[in-house]
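S.K.: Sharing a structure, written as C-alpha cells. Questions coming.
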Amino acid sequence: MSVLRRRGALSLRELSLSTPVTVVSCRARSFSVNNRPPPKYPGHVPLNFVERGALAVGSAVGALLNPRRADLIAACGEATATPYFIYRLRDAMLSDPTGRQILRERPRITSETLPLPYLRSLPENSVGRTYAAWLDREGVSPDTRDNVQYIDDEECAYVMQRYRECHDFYHAVTGLPTFVEGEIALKAFEFLNTLIPMTGLSMFAAVRLKPAERERFFALWLPWAVRSGLASKELINVYWEKILEKDVDELRGELGIEKPPDMREIRRMIREQKKREKERLQQSA
C-alpha cells in the first residue's frame, strides 16, 4: 500500500509540475505570429497592440527622415487612425446623405474609373479638367495609392482608402504642388478637416524645410490651412466622381475653401529676384 501511495503521490506531483508548463506554452502561443487572427478583407494584416505601436513609431520616424516615402506615410496613417479617429471620419460619412451613398457604392478613384482623356475634354475650369491639369503638371497618377492593410474594421478600411484616393483632388482644388512645402501645407489643412493624426504629425516635417521655406510656411500656408481647415465642410463627403463638370471656383465657395497663393509662382518670383540680385552684384563688381 505504501508503494502505491508513493506512486500515486509521485504521479500527482508530476502532474502538478507539468500543468504550469502547459499553461505557459498556451499563453505564449496566443501571441505567436502563427496564431494571428484571420484577415477580414483582402490584403488585411491584423496587428496586436504592441505591433501597431511599433508600426506607428517606426513609420512616423521614417517618414520624418524621408517625407517622400509614401509607403511609410500610409502605414503611419493607418497605425495612428485607430481606434478613435477613423471611426469619427466614418461616422461623419454616416451622418451625411452623400457620405452614406459613398459608403454604399464604394467607388474607387483610378485611371480606369476616371480616364484622363475624358477629364481633359471637360469644360475649362471644371473640377475634372482642373484635376487632370494638376495630374499632368505634377506628373502623378491616381494609380499610385497603396491599399489599406492595417485597419481591422472593413468599412473603416474603405474610409481610409477613400481619403487616400481623394487626396489628389484636394491638391487640385487648392492648387498646392507635390513637393515637400506643398505637401506639408495640404497636410495641415487636412488635419483640421479630417483630424487624422498622420496629417498633423506630417507638419513636423517643416523642420526639414529650408529656412526661407519654413518662414513662408508659418507666415502663409499655416494660417491659410487653419482658416480653410476650420471653415470647410467635411471633404470626405464629397462625391468627386459626380461633380466633375462643376465649376471649381463654385465648388470652393460651397465647401468653404479659400484658394491659397500660388506656391509655384511665389517660388518662381523668388528665384527671379535672386537671379536679378546676383546679376546686379556681378555688374557692380
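Keep in mind that glycine also has a Cβ here, set from the backbone N, Cα and C atoms.
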S.K.: Out of E155, E181, E183, which is the one Swiss-Prot records at the Zn(2+) site of H167, D168, H171?
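M.R.: Answer, per Swiss-Prot (Zn(2+) site with H167, D168, H171), from E155, E181, E183: E183.
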S.K.: Could you name the residues, excluding H167, D168, H171, E183, of the same chain that surround the Zn(2+) site, i.e. Cβ within 8 Å of the Cβ centre of those residues, in sequence order?
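M.R.: Output for this site, in sequence order: F169, Y170, L176, T178, L186.
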S.K.: Using Cβ-Cβ distances, find the residues under 8 Å from H167 (Zn(2+) binding site) that belong to the same chain and are at least 6 apart in sequence, listing them in sequence order.
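M.R.: Within the chain, H167 (Zn(2+) binding site) has Cβ neighbours under 8 Å at R145, L186, E190.
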S.K.: Which residues, sitting 6 or more apart from E183 (Zn(2+) binding site) on the same chain, put a CB under 8 Å from its CB?
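M.R.: For E183 (Zn(2+) binding site), the qualifying residues are P67, L176, S202, A205.
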